[in-house]
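Novice: Handing you a structure now.
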Amino acid sequence: MTELGMELESVRLATFGEWPLNAPVSAEDLVANGFFATGNWLEAECHFCHVRIDRWEYGDQVAERHRRSSPICSMVLAPNHCGNVPRSQESDNEGNSVVDSPESCSCPDLLLEANRLVTFKDWPNPNITPQALAKAGFYYLNRLDHVKCVWCNGVIAKWEKNDNAFEEHKRFFPQCPRVQMGPLIEFATGKNLDELGIQPTTLPLRPKYACVDARLRTFTDWPISNIQPASALAQAGLYYQKIGDQVRCFHCNIGLRSWQKEDEPWFEHAKWSPKCQFVLLAKGPAYVSEVLATTAANASSQPATAPAPTLQADVLMDEAPAKEALALGIDGGVVRNAIQRKLLSSGCAFSTLDELLHDIFDDAGAGAALEVREPPEPSAPFIEPCQATTSKAASVPIPVADSIPAKPQAAEAVANISKITDEIQKMSVATPNGNLSLEEENRQLKDARLCKVCLDEEVGVVFLPCGHLATCNQCAPSVANCPMCRADIKGFVRTFLS
């Protein structure tokens, strides 16, 4: 959903007409962080990175959830330069054009190097080239030789001969997101990332089913094994919900049912949930595009599967099980979250108070005794970078959000992908070491290519920014930290060993 005008906060706010007043997060907070309502219950989508979030809980900070779900979104990295138009900047007269405030940049595309370079038209300092400064994330302020970073708002002046723009940027502002991306990579929007083959990370909605074996165990009483084998469904990211032939994706939470013998699980999954990150990682964007093209060509045919129906938690909060739980002193947010989980997992409501309480206790890891749980602690908000002006003669580093840890550079990780695969291939054809038996050599070569999580499939995903090739396509979505170095995973690149 990328309708024209969604860069305007007022347009995005209009999509929240049916947003519940007692929702865990307010429509205003969502709009201010780039989201619009999709119309699918509590689901909201970011206009700038297209990440979707629907499992909101009381105490959530929208900016923090957005940063965790899509750390390279332009709205997260540079909200003042991503093209977002706050309501305060819109004209009071309907139909008039939007006027930028003095603090905002007249060109909302300064995240692009070419547009930054244009600002150096009258650059006065011959000690360093405009190309080097633009590459390092700076644009010219038209004042002496002062340049400003689009990402961290840091300002540097008094450039000297032989200065390296990126190294100076790194020295004064080491936590700047542009610095952490590395000198060789230019900022890319979601579309550019797709073209580069980089897939941002999103957390699975049902992480306990991220493992294929865990999904397979749910099919113990699968009723139509003669029509659809459980193994094929589990490989496609689906687990059984113990209701008819209804299955659900562990990652995107799409529900599918009414299976026919000719149905292919991967095809149906991609057809009904083309933005599912698990499908995109396991099968690739080309496969999803092919499925959508085939579906469009056969639009007149009857769909083989249909999304599972859902109910609204608002209505169920007035039912007996919810009212009885509230009467026991259990927090309303806890009850609502339990009901929402039940709807997402099964499409039906709790029939008794006991069933509701069991779900609450299971989720909290509590025992059988009734406990009144405290509301969840609010997440720490993401601290906006502060602006600082730095002269190279006497510099003061800029404070940047503590929540952005220093990581290996993404550019180096991307550049190392081919190097990693080449090394593995060389290992496969290397002359056996005289100190090792042929059997031991073969074992080591095989281990080097095995997924470090399931120890079964061949590795096929490179983690960014660390650059490790450690898991297969199936296991990659289930890990938040690299199994090799424990670094946070910000993105994936599908890799093929030939």
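Backbone N, Cα and C atoms are what each Cβ position is placed from, and that goes for glycine too.
Per Swiss-Prot, repeat 'BIR 1' is recorded for 12-77. Per Swiss-Prot, repeat 'BIR 2' is recorded for 116-180. What Swiss-Prot lists as repeat 'BIR 3' is 215-280, and the listing cites sequence analysis. According to Swiss-Prot, the feature Zn(2+) binding site maps to Cys249, Cys252, His269, Cys276, an assignment based on sequence analysis. The annotation zinc finger is assigned in Swiss-Prot to 451-486.
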Novice: Once near-sequence residues are set aside, which residues in the chain of Cys249 (Zn(2+) binding site), 6 or more away, have Cβ atoms under 8 Å from its Cβ?
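Specialist: Set apart from Cys249 (Zn(2+) binding site) by at least 6 residues yet with Cβ under 8 Å, we have Gly237, Leu238, Gly255, Leu256, His269, Ser273, Cys276, Phe278.
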Novice: List, in sequence order, the residues of the same chain other than Cys249, Cys252, His269, Cys276 whose Cβ lies within 8 Å of the centroid of the Cβ atoms of the recorded Zn(2+) site.
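Specialist: Not counting the recorded site residues, we get Gly237, Leu238, His251, Asn253, Ile254, Ala270, Trp272, Ser273, Phe278, Val279.
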Novice: I want to check the contact list for Cys252 (Zn(2+) binding site): same chain, sequence separation of six or more, C-beta distance under 8 angstroms. What comes out?
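Specialist: Looking at Cβ-Cβ distances below 8 Å from Cys252 (Zn(2+) binding site), excluding near sequence neighbours, one finds Leu205, Ser273, Lys275, Cys276, Gln277, Phe278, Val279.
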Novice: Report, as a single number, how many Cβ atoms besides its own are within 10 Å of the Cβ of Cys276 (Zn(2+) binding site).
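Specialist: A 10 Å sphere around the Cβ of Cys276 (Zn(2+) binding site) contains 23 other Cβ atoms.
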Novice: Let's check the environment of His269 (Zn(2+) binding site): how many other CB atoms sit within 10 Å of its CB?
Specialist: 28
Novice: Can you check how the pLDDT averages out over the repeat 'BIR 3' (215-280)?
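Specialist: Mean pLDDT for the repeat 'BIR 3' (215-280): 91.
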Novice: Using DSSP reduced to three states, classify Cys276 (Zn(2+) binding site) as helix, strand or coil.
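Specialist: The residue in question, Cys276 (Zn(2+) binding site), is coil (DSSP, three-state).
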Novice: Could you tell me which three-state DSSP class His269 (Zn(2+) binding site) falls into?
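Specialist: Once the DSSP labels are grouped into three classes, His269 (Zn(2+) binding site) ends up as helix.
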